[in-house]
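Below you'll find the structure, written out as structure tokens, and then a few comments.
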């Protein structure tokens, strides 16, 4: 019985970790190709979810709402890349990070100015029923989210391996100068990356929105994704998945087994402390590229 | 990613905006002599006192981020530590004068800062920035959960005792302003001494190139921890001012992530590695929401409700950050320097004497 409860908590944690991974993947896409830690990913996610919900509430069919939102996200991503990041090329990474912090304020403000600040419910038509699998209760919504995440990772992997633009991404991530030398257009690839990050934000935004309701606090999931990135390394999609699973599991287990002794509510920081402890052993995360410093 | 090479943003121009000493003297005369006579309660409570507290917090973060090159996203946690430490010292050690309480509160904040600065010995850049968030969330949680810190107040919100120094009660708006002003002046002068000292140069060397700093014999690890301790001390004192002189209450929610970002924005907008920067940035951050509210009301009237105001504040703030980073990475300080140089240059051409 005790063991079964443990498994249930663990599985629940792993599945909610998948949701964190979804957000983290958006970061990794941009970090890998342009070296920017995009704090605005959470704001983009909020913008996507809010736009989708508001459009469907105004009577648009789901497919049209998705297409329109996707178009909006593409536009915003391309605009951020062009108006903010391109003028800041060759600046120290931390300057770029602070710029995306500014961008996140703008996008959050704009999203709510445009669509209002009230909480919207978002029903994706997936029931959140407890399913019993092998004697362990699992939420069907969590399973669905995990399937979506799996499909997205598979799609991204195929994209990176077999498409022209995907190979371009990898070339730029590997060595920008060499990529330029063989004739790849950095501008086009960066715009494409931001578009892709916008799409990931839409998927993550819909799933998180269905879970939490679409409201301002949605943009705070970015804070859940940061320890995931630290654990997995900023530049690895596999790392984002594994890091997400670890953070999800640690959070739930700690909440159940440690929480009651210290008064609960520890999920706000336990992931950070776990990530920090881990970093002290491996300063660039599980799968992160080792820093080589030239003097 | 090498060291936080903020060198470009912080290369200080050869000529300063103002001849230092007369300028500071003039500012102090205005702040001590003229403002208390002409300002009304609104100006003290809504603008001047929060400005002073935030400027001090910006000054503290500037030591860590501007001078020593370590980014922190958890500043308001140390403000909270300072505020709660001062509250508990005043509550539990009633005989101790408040000036001592403030110093001790700063020391407590410095100790906590030292603890959360330890990861900086291993981590750089983003990894360090993310690890400072641990301080932010953990400290906020502790003050929410552990009743002892708020004297078991059920909401976690406590009112602070009235300020009094050497038997004089500083209850009025002007009194609290003068108190904050005195503390800020003293700390600022001390920081000025620090950054001009060999230790201050060591901080800058650490920021510009850690390995090079190590090669020329700077004890890098010790200097890093020192930066964390000094910075947290000052931010802690700023927290005391925020709670005791400005809000007159202490609550964990007031020291959230948004406040940390606000302090970071003060440093970016004002100018990294510049003492004036913290003050200029804080002035802008305090004044612009008020201006925006007036402006919006005048232009849009009833359409401009509080929700719209809050959102447009976010947008304008974000745009300000991005614009400054792109067009003037050295912040308001550099803008003023340039303006001053232009004026001074014109005087020189026309043959008028220049002072300083």
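A Cβ is built for glycine as well, from the same backbone N, Cα and C atoms used for every other residue.
Features of the protein shown, as given by TrEMBL:
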- A:6-29: transmembrane segment (TRANSMEM)
- A:36-56: transmembrane segment (TRANSMEM)
- A:62-84: transmembrane segment (TRANSMEM)
- A:96-115: transmembrane segment (TRANSMEM)
- A:135-160: transmembrane segment (TRANSMEM)
- A:192-214: transmembrane segment (TRANSMEM)
- A:226-250: transmembrane segment (TRANSMEM)
- A:256-281: transmembrane segment (TRANSMEM)
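By the Cβ criterion (under 8 Å, sequence separation of 6 or more), the transmembrane segment (A:226-250) is not in contact with the transmembrane segment (A:62-84), since fewer than 3 such pairs are found. Proximity of the transmembrane segment (A:62-84) to the transmembrane segment (A:256-281) is not established, fewer than 3 Cβ-Cβ distances being under 8 Å for residue pairs spaced 6 or more apart. Beyond the transmembrane segment (A:192-214), the same-chain residues lying 6 or more positions past its ends with a Cβ under 8 Å from any Cβ of the stretch are 19, 22-23, 25-26, 29-30, 33-34, 38, 41, 44-50, 52-53, 66, 69-70, 73-74, 76-78, 80-81, 119-124, 126, 141, 145, 148, 152, 165, 168-169, 221.
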